[in-house]
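Visitor: What follows is a single structure, and I will ask about it in a moment.
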Amino acid sequence: MTSESSPLLHYRLFSVSDGGLGPPDSSPIMTDAVTVGTGPTQRKLSTFFGVVVPTVLSMFSIVVFMRIGFVVGHAGLLQSLLMLFVAYVIIWLTVLSVCAISTNGAVQGGGAYFMISRTLGPEFGGSIGLMFYLANVFACGVYVLGLVEAVLDVFGRDPSDVTDSLRSLPQGYGYSFLYASIILLLCMAICLVGASIYSQASFFIFLLVFVVLLTILISFLAVRPLTVSIRHGGNVTMTGVYTGINSSTLHNNLQADYSLDYTTGNLMNFATVFAVMFNGCTGIMAGCNLSGELKQPSRSIPMGTIIAVIITFFVYLILFIFTAFTCDRTLLREDYGFFRSINIWPPFVLIGVYATSLSASMSTLIGASRILHALAKDDLFGVLLAPAKLVSKGGNPWGAVVYTWALVQLVLLAGKLNTIAGIVTVFYLIAYAAIDLACLALEWASAPNFRPTFRFFSWHTCLLGILSSLVMMFLINPAYASGSIVLLLLLLGSIHFRSSSSSWGYISQALIFHQVRKYLLLLDVRKDHVKFWRPQILLMVSNPRTSSQLIRFVNDLKKGGLYILGHVETGDLDTLPSDPVQTHYSFWLSLVDKLNVKAFVDLTLCPSVRQGTQHLLRITGLGGMKPNTVVLGFYDDACPDDYFLQDSLFTPGLSPKDDAFGVDATSLQAHFPPARDPETPRLLSAKDYVSMICDALKMHKNIVLARNFPLLVRPEASSSSPATYIDVWPLDLLRPQASAYVDVCSLFLLQMACILNMAASWRRYQLRVFLCVESRGGSDGASGWLAAEAKFRELLSKLRIRALIRVVAWDRVAAFRVQNMGGQVLNREPISSEYLNAAKSAVTDEGGTETAVRFLYLPRPPADSSLHERYLEELDTLTSGLGPTLLIHGLTPVTCTEL
């Protein structure tokens, strides 16, 4: 499976068009599962036939002939022009975004859905794509119902006029649904033949429509004033007046005068009228939806869409102005088909109405089917859209056409054009906002590969397009707008939880990178302050199979800080054909996902583990985010447990996060080597291990040694566990007289324990601090203990650390202490095993079985490397059998008592 790291394009080194220079088994180039080969192409449409013609016809639709009077009659010329301007500003802003995205790479079938999904990712793309598809479905229903309305307006039976033989078609809800179904069936038949026959039919209709528009303009100038009889059924009759070019008529038509819509009986307002008018501008995606049939979609979509928008804007503008100059309010508001009554030859307008409505219906039906087919191919909705994958031998997605036809049939049940116009407008607006959002995201991400050839846009136009679309959604119909957003969120969640990772690229990653880089540059290490210190941890991992418990525990220890998993592969790059580390990253990242830890991964290749650790200590991190604390597993002879065999997360088929970016549980099991056999020679010697501790201290890193963590019972899985304490021993148990309770290392120890106690899963545990006090045989032994406890309690209060204080009598242990000389401990002298065992017994006895994890003071390793093994043996004796234990040595001040 491809992943996000896959290249965007796969280049072939051989030509496939030069007559045989390529290899005989040349296969088509594959990009995002779309084949771009040398066989016969299905891309046949040019800019004019594939974009300009369908876009113009879709934007005109029924509105240009049947709703001009509706808009001007209710809103007046001034508000009509305002509506036109607002609508085209929104349209134009979206067109700029469409042009930018479509000229930034090859556009495949699916149009707007393809552009959104390949920019914003599958969740957002699939959600908006489905809603844009539904918008086209509803729009198709609007256009078909508009055509039925126009037919019945002329040929519908009128009981009050039995002498008119033309008006013979029965009227009523059932008959309207029947007529609409017949028209829709005709549209489906044309779309089933294919895009080629559709483009030919559209061009013929295009010519026809412009001839009709020309006759309308001529009629405005040539027809003399007349009175028009208006009938709404029954015996209701009224008259409207066509005055010709008249300034008084213009004056009367300037202001708005909203009244009842005679088709629905609802009172009109600015929002409802704008919804109907805007529906006549929403066809800008008609050419984009046919991107799979265009010869050069990246060139045709921007050029053709811009030309179509300019043409329709001026046609609407001219019609609004001439209508306001020539027709009175009654004619405009009571007869939406008044163009026919004032035309030099009335049948011309009928032809135009029927042609545009039929063309818009076909355009939205075929466009919706292409969107649905693209959605089905991407398999975002599973078996629900499986029938839409069916295609003919010629590549026509007939399954998607039939599927869409069935949904439009359901829309036709609404019965009235204006009833569903608001739904169409809201769905189109949310799709336009998504297009603008996609372009805005690309612009803000500043990705080097976003360099569209169309440059007449900016983030300002994208943002303005988003805001204007969202505002108009709620102005048109708050209920529909709210419902559409709820639907969008539901679809987002559905696709997110059921879809697997895609190879389309994630714009979120580009945006995150852009923001992280910006803030990393602002993160200045020179401004660090102890008040805002946080752990930035590098955990060195030999094999995740044996370290998973520790990886999870350190995740609780980071407290919002940096957490990096470091690993050293031993080897010499000079002897290898390629760097093996590069292929390992995906497995380590999947491990991080499986364990649900917030960690980065850093791998390196070195001849030795010690050298690799030095490299990671130096170069891991970036800017102000570099590790200040190193965690190492303890070096002992214990037989490591294979955690992968115990946790269901790593059992194939049982993990809820299986198959993340192509790495499933089986792959993880196979990638990481088995747990080390006790008889197998180790890659790291005891001497090198202690030297790594020295290296970390020399680099001014705090050091933590973790032992016995396979025995750790995690808090969330142990509600009934008796372990309820986090124990802290802030004194160097190996050399008590060489340290103090308030030195930097002791305070660091307290800070780390406090951080663990602040983690959500560890809050129910009680922090417990042990003070080792000797009576020294004096008479004031008890008072000395009390004074030591009071002094330490005051320190904890200043540090705002809540903890129990336990005073431990250290006299018995001190009796086994190594030789003292003048109060100085002789580091070269070995510490007796009796003392170490006595100290361990004291730690065990005082803590009991209720201790979950212990924090102990880690003394510095001896400077003499010959003593390193003895140093490790002392630590081994002290901590053997203690349970989960952290040995910590801190170098940096991390506590503050002031505000």
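Even glycines carry a Cβ here, placed using N, Cα and C.
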Visitor: Do Ile116 and Pro297 sit on the same side of the membrane in Swiss-Prot?
Guide: yes
Visitor: Tell me which residue from Asn246, Asn289 Swiss-Prot records as N-linked glycosylation site.
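Guide: Residue annotated N-linked glycosylation site in Swiss-Prot: Asn246.
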Visitor: Need a quick answer: max count of Cβ pairs under 8 Å to the transmembrane segment (420-440), which of 45-65, 128-148, 267-287, 740-760 is it?
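Guide: Looking only at 45-65, 128-148, 267-287, 740-760, the most contacts with the transmembrane segment (420-440) come from 128-148.
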Visitor: Same chain only, please: residues at least 6 beyond the ends of the topological domain 'Extracellular' (66-80) with a C-beta under 8 Å from a C-beta of the stretch. Say none if there are none.
Guide: 146, 149-150, 250, 253-259, 261, 268, 270, 273, 276-277, 280, 316, 319-321, 323-324, 327, 329, 331-333, 335-339, 353
Visitor: Answer with yes or no whether the transmembrane segment (203-223) touches the transmembrane segment (394-414) by the criterion of at least three Cβ pairs under 8 A, sequence separation 6 or more.
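Guide: Checked: the transmembrane segment (394-414) vs the transmembrane segment (203-223), no contact.
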Visitor: Does the structure show the transmembrane segment (267-287) and the transmembrane segment (177-197) touching, where I'm treating 3 or more Cβ pairs under 8 angstroms (sequence separation 6 or more) as a contact?
Guide: no
Visitor: Would you kindly check 177-197, 203-223, 470-490 and say which stretch has the most C-beta pairs under 8 angstroms to the transmembrane segment (305-325)?
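Guide: Counting Cβ pairs under 8 Å, the winner is 203-223.
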Visitor: Test of understanding: applying the rule of at least three C-beta pairs under 8 Å (pairs 6 or more apart in sequence), is the transmembrane segment (45-65) touching the transmembrane segment (203-223)?
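Guide: Yes, these stretches are in contact.
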